[in-house]
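S.K.: My structure is below; once you've seen it, I'll send some questions.
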Amino acid sequence: MVVLGSTGSIGKNALKIAKKFGIEIEALSCGKNIALINEQIQVFKPKKVAILDPSDLNDLEPLGAEVFVGLEGIDAMIEECTSNLVLNAIVGVAGLKASFKSLQRNKKLALANKESLVSAGHLLDISQITPIDSEHFGLWALLQNKTLKPKSLIISASGGAFRDTPLEFIPIQNAQNALKHPNWSMGSKITIDSASMVNKLFEILETYWLFGASLKIDALIERSSIVHALVEFEDNSIIAHLASADMQLPISYAIDPKLASLSASIKPLDLYALSAIKFEPISMERYTLWCYKDLLLENPKLGVVLNASNEVAMEKFLNKEIAFGGLIQTISQALESYDKMPFKLSSLEEVLELDKEVRERFKNVAGV
């Protein structure tokens, strides 16, 4: 298999599972963590390696592997790989081209890069994609029951770092506080997306493309991150998917469902410890971006605008140029600006063009 973004949280877990399953790693790619990819090269002996920045070439120790550089290099590497499976754990819209290239080459795509579906779900062959996400894995598992007819799909949110912060203090929060996730250990972008509820807007759009534009789609807060997804059926019964908060479960099924079903990759649940589970609505007062959920479901191509404005605002937030309120404000302004515009977006080039336009337009918006 090929692992793109091998030095991140998902990538590291994927390599752990590949080793457990005895799967050979043909190629690896990383962004800036050259020290870690050097370690991974020693353990997994890939035939090909891609790094983002040519200035890191001197520090790379490829041990005879063919080396590729930049986003174009990742594309060229995928083109040459013979593996049937590509796991895309690249963060941000940078991973979009890699998803397209993998599907063009008729490879199975294990997808942790949310931005691919959020920005271009209408252009991707969903039948070749397995999402790496606890909520979508939960929905997939629940929808295996073909006798019952689904009516609505519900995914859960933890509430993120500011779920108990007094409302008046939320706009002035900094990145350091936003990174204190109550349940999950994840990369910085997805942890902050969890605090803003952008992550759940992403997952709502992913659900739309993956499982059914015709079904009602919603989310709720379940603080323990034990209930990942629920499906309500036409007979008004509801089935929930419960599992420990551990990404190794969806990763293992994305890599090899058969092997994943034969052995445990996560610790068992203690049912007697689950008495505290309760469901809460997502408050628009606390999570102001949640008010755009219905707009995004009505016009899912707005996902390009959501993602581009979020990435621009995220960079400024992490660089301490704006506070949390400024991040929210930038995304709101972007969605309000584009919500009446008709989008065709009939090619990857058009998606990337709109992405670039939104970034240019909102990179200098003054924030809180």
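Any Cβ shown, glycine's included, is placed from N, Cα and C.
Here the structure is a predicted model, which means the values were calculated and not measured.
Heads up, here are the entries from Swiss-Prot:
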type	residues	note
BINDING	T7, G8, S9, I10, G31, K32, N33, N113, E115, G187	NADPH binding site
BINDING	K114, S134, E135, S158, H181, S194, N199, K200, E203	1-deoxy-D-xylulose 5-phosphate binding site
BINDING	D133, E135, E203	Mn(2+) binding site
S.K.: In the three-state scheme derived from DSSP, which category covers E203 (1-deoxy-D-xylulose 5-phosphate binding site)?
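M.R.: Its secondary structure by DSSP: helix.
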S.K.: How many neighbouring Cβ atoms, not counting its own, are there within 10 Å of the Cβ of S9 (NADPH binding site)?
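M.R.: S9 (NADPH binding site): 19 neighbouring Cβ atoms within 10 Å.
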S.K.: Take the C-alpha atoms of G31 (NADPH binding site) and K114 (1-deoxy-D-xylulose 5-phosphate binding site) and report the distance between them in angstrom, rounded.
M.R.: 17
S.K.: If I take the alpha carbons of D133 (Mn(2+) binding site) and H181 (1-deoxy-D-xylulose 5-phosphate binding site), what is the distance between them in whole Å?
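M.R.: Each residue's Cα considered, D133 (Mn(2+) binding site) and H181 (1-deoxy-D-xylulose 5-phosphate binding site) end up 17 Å apart.
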S.K.: Quick one: of the binding-site residues S9, N33, E115, which has its CA closest to the CA of N199 (1-deoxy-D-xylulose 5-phosphate binding site)?
M.R.: E115
S.K.: Within 10 Å of the Cβ of E203 (1-deoxy-D-xylulose 5-phosphate binding site), how many other Cβ atoms can be counted across all chains shown?
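M.R.: Its Cβ has 27 other Cβ atoms within 10 Å.
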S.K.: For a quick check of packing: other C-beta atoms within 10 Å of the C-beta of D133 (Mn(2+) binding site), how many?
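M.R.: Other Cβ atoms found within 10 Å: 28.
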S.K.: Just report the maximum Cα pair distance in Å for the recorded NADPH binders T7, G8, S9, I10, G31, K32, N33, N113, E115, G187, no decimals.
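M.R.: Max span of the NADPH binding residues, Cα based, is 21 Å.
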S.K.: Whole-number Å distance between the CA of S9 (NADPH binding site) and the CA of E135 (1-deoxy-D-xylulose 5-phosphate binding site)?
M.R.: 17
S.K.: Measuring Cα to Cα, tell me the gap between N33 (NADPH binding site) and K114 (1-deoxy-D-xylulose 5-phosphate binding site) in whole angstrom.
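M.R.: Rounded to a whole number, the Cα-Cα distance is 21 Å.
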S.K.: Taking the Cβ of K114 (1-deoxy-D-xylulose 5-phosphate binding site) as centre, how many other Cβ atoms lie within 10 Å?
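M.R.: By my count, 26.
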S.K.: Using an 8 Å cut-off from the Cβ centroid of D133, E135, E203, can you name the remaining same-chain residues around the Mn(2+) site, in sequence order?
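M.R.: My list of surrounding residues reads P131, S134, H136, F137, L139, I155, F202, E206, T207, H228, A229.
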